[in-house]
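Data first, discussion second: the structure below is written as structure tokens.
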Amino acid sequence: MEREVVLSFLPTFALILFLSKLSGNISARFGQPAVFGELLAGLIFGPAILNVVHMNEFIALFSEIGVIFLMFLAGLQTDLKELKRVGLAAFSSASFGVILPLFFGAIFSLYSGFGISESVFVGAVLTATSVSISAQTLMELGRLRSKVGMTILGAAVIDDVLGIIILSLVIAFELGRGNIYFLLFRIFSYLFLAILVAKVFLKRYLDFFSRLKVSRPLIAGSIVLILIYSWCAEVFGSLAAITGSYLIGTMISFTEYSERISDRMSTLTYSIFAPLFFFSVGLYVERGGLESALYLYAIVIFLIAVFTKIVGCGFGALITRFNFMDSLRVGTGMISRGEVAIIVATIGLTSSVLSRPVFSVLIVVAILTTVITPILLRALYRTERDL
């Protein structure tokens, strides 16, 4: 029986990879990130529309590994030196850009009748920023290395760190057991010990693996660390597994091996695991869930997602001596939720914090914010040329 299950998964796996890459290519040709083609492929071929591909234990397992690897890469690519360059402006923009979406997203969800944990999680999803599409647009405009571009990139890093903390705390309090103070003790004990162990042993560990006479030893050694840190985050720290993978990625980013590991892990992740994860997101959205989605709620959440980033991040830039137009550009560049919000929302669904209808709303919001961001950014820079 197990053999039959495995054999049935192989053609499904092949179909998912084929459809993901084909759809990703189409998305890229229209100036959008490839991940949204992969996501839309899951929506189209999953239960929501054509009902060809269904979620199973193998897809769930591979997609879980995919999100862990993605967050490891996010940690690995966190440039703390760049943060120091943009400094106060990035921190100010990121802080207001997290506080406003979290507050208004949670308050409106509570007002709409959802529970406290789910409402706060909606706010947490809205804090996310996917800067990839903004970076691509600014690069095309020749503005990536400008003051605005650097502030957006720096604020996105801080935004990710704050978002991970909020996400981890919400899941910990929702799924945790026992005294709230004991729960906080477990969280901070894990973080302290995980950082301490990495500081003491990580360099020697990677040196040891780099000398092994086998193929790709650093990748194998990195995967061992990713899995152990992710497991420990859930079991001992009462945190999301991605917190562990993000943390060890950040620690490895300080070592001489970071670029080599990043290049090879990116190949592995974006060839197999990431496409499967983004495709699988669409499989969670059911036809009934889409039809019964709260349309008014979705519209308001979308407006909150857009305006809280423009106002919050823009105000954060304005009080650090940016002019009005540049502040508006910073706020606009932070609108896109992209794959970051999709990852967070999926974790909320699989952790039973989010219901399927709310999850469907958040996926739509993630897509729409990513589509409008480059359009608005180009319009703001076109205005400058016209002046």
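One-based numbering along the chain as shown.
Glycine residues also receive a Cβ, built from the backbone N, Cα and C atoms like all the rest.
Feature list (source: TrEMBL):
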- 15-379: domain 'Cation/H+ exchanger transmembrane' (DOMAIN)
- 6-22: transmembrane segment (TRANSMEM)
- 34-52: transmembrane segment (TRANSMEM)
- 58-76: transmembrane segment (TRANSMEM)
- 88-114: transmembrane segment (TRANSMEM)
- 120-139: transmembrane segment (TRANSMEM)
- 151-173: transmembrane segment (TRANSMEM)
- 179-202: transmembrane segment (TRANSMEM)
- 214-231: transmembrane segment (TRANSMEM)
- 267-285: transmembrane segment (TRANSMEM)
- 297-322: transmembrane segment (TRANSMEM)
- 334-353: transmembrane segment (TRANSMEM)
- 359-381: transmembrane segment (TRANSMEM)
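Of the ranges 58-76, 267-285, 297-322, 334-353, the one with the most Cβ pairs under 8 Å to the transmembrane segment (214-231) is 58-76. Long-range neighbours of the transmembrane segment (359-381) within the same chain, counting only residues 6 or more positions beyond its ends whose Cβ lies under 8 Å from a Cβ of the stretch, are 31-33, 36, 39-40, 122, 125-126, 130, 133-134, 136-138, 141, 143, 281, 284-285, 289-290, 293-294, 297-298, 301-302, 305-306, 325, 328-329, 332-333, 335-339, 341-342, 345-346, 348-349. The stretches the transmembrane segment (179-202) and the transmembrane segment (151-173) are in mutual contact, each linked to the other by at least three Cβ pairs under 8 Å (pairs 6 or more apart in sequence).
Looking at 6-22, 34-52, 297-322, the range that has the most CB pairs within less than 8 A of the transmembrane segment (58-76) turns out to be 6-22. Listed by sequence, the residues of this chain that lie at least six past the ends of the transmembrane segment (267-285) yet keep a Cβ under 8 A from its Cβ atoms are 13, 16-17, 19-21, 24, 35, 38-48, 53-55, 59-60, 62-63, 65-67, 69-70, 73, 219, 339, 342-343, 346, 349, 356, 359-360, 363. Within its own chain, the transmembrane segment (88-114) has Cβ neighbours under 8 Å at 120, 122-127, 129, 147, 150-159, 162-163, 166, 294, 297, 300-301, 304-305, 308-309, 311-317, 319-320, 322, 330-331, 334, 358, counting only residues six or more beyond its boundaries.
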